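TrEMBL has this to say about the protein:
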ACT_SITE  Arg24  active site
ACT_SITE  Asn42  active site
DOMAIN    9-99  domain 'Acylphosphatase-like'
Amino acid sequence: MEDGEDLVSVDYEVSGKVQGVFFRKYTQGEAKRLGLVGWVQNTSHGTVQGQIQGPAARVQELQEWLRKIGSPQSRISRAEFSNEKKIKALEHKEFQIVK
């Protein structure tokens, strides 16, 4: 990671057809490709939620991916991001799928 690049943490929730379409698996793959850490899980109300942490520019890339791309079979109607903040250190070791 480059010196001087801010680390950020952001929570997200994605709505639409995002369960039963390998959305969590693809999100984990994309996060790992970008070198990000955090987690993703299905919710009881049919959305997918989680947290992303890493360099600000990479986090923004994953946010765009969550907004527009997702897994091949998914249909994203809305992606909401909240609690964005700068952090001094990563709070997760990897990007996990939470059951």
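Think of each number as a place in line: the chain as shown, counted from 1.
Glycine residues also receive a Cβ, built from the backbone N, Cα and C atoms like all the rest.
DSSP assignment over the domain 'Acylphosphatase-like' (9-99) gives 24 helix, 39 strand, 28 coil. Neighbour density for Arg24 (active site): within 10 A of its CB lie 21 other CB atoms from the protein chains shown.
If you average pLDDT over the domain 'Acylphosphatase-like' (9-99) in this model, you get 98.
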